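Enquirer: The structure under discussion is supplied below as structure tokens; questions concerning it will follow.
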Amino acid sequence: MLLNNRNNEFTLGLVGLSIAIFISNLDIAIINLALPHISHELNISFAVSIWAITSYQLVMAALILPLAVFADKLGYRLIFQIGLIIFTIASFFCGFSQTIEQLIWARALQGLGATAILATNIALIRQLYPAEKLGLGFGFNTFVLALGFVTGPIIASLILSHFHWSWIFLLNIPLGIISYFLCRYIPKSKENKFSKINLISMFLSVLMFSSIILALANFSISNSLKNTGIFLSIGIISSILLYRRDKNHKYPIFPIDLFKNSIFNLSLIASFFGFVTQGLALVALPYIFLSLNYSKQEIPLLILAWPLMGAITGPLAGILSNKISPAYLGAIGFMFVVVGLGSMAYFTDELPQYITFIIMLFCGIGFGLFYTPNQRMFISNLAMNRSGVAGGMLNISRIMGQTVGTSLVAISINFSSNSLVAMLVIGALAAFCGSLVSLYRIKYS
């Protein structure tokens, strides 16, 4: 009976955790597709509407490390549940936003909740699964993450075809409530009395990442060199101060020692370029497909091909990485994306749907070949006790890459007379840079 109770609690806790991870990633996938509809209904420019994505990414990049530190100190389940409450409440505000300003602030609040979920889900999986089944737990977590991105276009298609766009946010409310009560079955984590909170470094970290993202966002929308320079200067100064403070600090928030590892640095850079490419493509492609007169029903299905093939290829690429260097697999994967986006840019005016679908599948395969092997090479090169903070840095490279990709879309619209083609060319160039960086790791492996 006791064993059955433990199994039931494990199952309920895992379902609750999975729902939270699912909706936080589902929201990222859906907003990209909904942005053209939101722009049209609120009567705003595309560049302004991108703030609905940027505000979310800004909060995530700025707070991922501080929230991870608070979770270490106060307990993972507590921070996770607080984040889930914030995310659910923010979804309500997003759904009932009447202006772009209201939506931007609500999305920032939603990003805070999602950051708390992202900062703690790996630790909660370690609490749920015994050591001998931990690999299964991480594999299931990857599957749930992929499921959110894969089902996003399908759900977006259904909602945008039959309902108001606000339902892409309101859908989170019942799921968030269910998840909160189920997550009470996750074992409560103990407070770490030996962990110290380095508030000054935490403040400098927040200032550094938020200033850099604000510099990108400001330049992409207003093209103001003065304001961009101010934000960028603040980001650079705070990064220097953070380095000087954490260099010899007993409780650093920034893992300065890991940056002496060449594989660590190159894998982060490769991840950055990968998510610049993906972030740019998945924001720009709905607009490109609209310009090609694809229907509202066709566009989400075409977008679906990328994350779907990435989810299928990723585990297979992980197996291949046991025999073939992840550096080679990553370089090959990036070149798949280069060819895919380059082909789409060349044939933009005469691209039938089935060819577009094949190209999107091709890009998805390429991203899958890069992503999983890159994670393996990144983590396996580090000591076990540094996996947590290293994972945080990998998340930051992902968020920063997506933010830069989104900003590049807005910048290309402002500066290029043929912006649709320019977006795809920029994405292909970012993927090519990622291929070179990935291949360069051979020197150190």
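A Cβ is built for glycine as well, from the same backbone N, Cα and C atoms used for every other residue.
Model, not experiment: these values are computed from the prediction.
Marked as domain 'Major facilitator superfamily (MFS) profile' by TrEMBL: 13-445. Residues annotated as transmembrane segment in TrEMBL: 12-34, 78-98, 104-124, 136-159, 165-187, 227-243, 263-289, 301-320, 327-348, 354-372, 393-413, 419-440 (among others).
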Enquirer: Applying the under-8 angstroms CB criterion, which one of 78-98, 227-243, 419-440 scores highest with the transmembrane segment (104-124)?
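Expert: Result: 78-98.
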Enquirer: Need one number: mean pLDDT over the domain 'Major facilitator superfamily (MFS) profile' (13-445).
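Expert: Averaging the confidence scores along the domain 'Major facilitator superfamily (MFS) profile' (13-445) gives 82.
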Enquirer: Do any residues, 6 or more residues outside the transmembrane segment (354-372), come within under 8 Å Cβ-to-Cβ of it, and if so which ones?
Expert: 270, 274, 277-278, 281, 289, 292, 294, 301-303, 305-318, 321, 329-330, 332-337, 339-341, 343-344, 347, 431, 434, 438
Enquirer: For the transmembrane segment (263-289) and the transmembrane segment (78-98), does the number of C-beta pairs under 8 Å, pairs 6 or more apart in sequence, reach 3 or more?
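Expert: These two segments do not touch.
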Enquirer: Looking only at residues six or more beyond either end of the transmembrane segment (301-320), which have a C-beta under 8 A from one in the stretch?
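Expert: Non-local partners: 29, 32-33, 139, 142-143, 146-147, 149-150, 152-154, 157, 278, 281-282, 285-286, 289, 294, 329, 333, 353, 356-357, 360-361, 363-365, 367-373, 376.
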Enquirer: Same chain, outside the transmembrane segment (12-34) by at least 6, Cβ under 8 Å from its Cβ: which residues?
Expert: 52-53, 56, 80, 84, 87, 91, 107, 110, 113-114, 117-118, 121, 124-125, 128, 140-141, 144-145, 147-149, 151-153, 155-157, 159-160, 165, 168-169, 171-172, 175-176, 178-187, 282-283, 286, 299-300, 303, 307
Enquirer: Quick one: find which recorded stretch in 165-187, 327-348, 419-440 has the most Cβ pairs under 8 Å with the transmembrane segment (393-413).
Expert: 419-440
Enquirer: As a test: from 78-98, 165-187, 419-440, pick the stretch that has the greatest number of Cβ pairs under 8 Å with the transmembrane segment (327-348).
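Expert: Most contacts with the transmembrane segment (327-348): 419-440.
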Enquirer: Which sequence-distant residues neighbour the transmembrane segment (419-440)? Criterion: at least 6 residues beyond either end, Cβ under 8 Å.
Expert: 266, 269-270, 273-274, 276-277, 280-281, 284, 287-288, 291, 326-328, 330-332, 334-335, 337-338, 341-342, 344-345, 348, 366, 370, 374, 405, 408-409, 412-413
